[in-house]
């Protein structure tokens, strides 16, 4: 967000905050109850969704902060509505992967997986946007494709042979 006066800043927050609220509801309620389609893992899916969402939103703010121009110039990063919104998208990547891995991992393994996947996903996003100059509004190239393919790769790697 460029330097702006008080009216421009409040206008920016007034337009971005409703989007943040909508995405936040999608992350916590939408994804949470979407994962209940498997009767066997319904309750655990809701609780693991909450665990991963809370963890990845915080971890995503930190990791994405290291890629910010403000961090490169000043050695610290800003937390604002935009960083909260983009952290929600980082959580969406991990939750898409969780959907592919549902029932294969324990909660602690999901946290370790998200600890590793978040920097990889955000680094990939940074490369695609900054160097390839490829970006789309819905995030399907980065958010959905990365989450799905990472989830499929992890699902194949953690496949239980005896089942």
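Cβ from N, Cα, C; glycine included.
Feature annotation from TrEMBL assigns domain 'Ammonium transporter AmtB-like' to 8-162. Per TrEMBL, the feature transmembrane segment maps to 20-38, 50-67, 79-103, 110-129, 141-158.
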Legend entry - Maximum Cβ pairs under 8 Å to the transmembrane segment (110-129) - stretch from the list 20-38, 50-67, 79-103: 50-67
Inset, instruction - Express the predicted model's confidence over the domain 'Ammonium transporter AmtB-like' (8-162) as a mean pLDDT, rounded to an integer. - result: 93
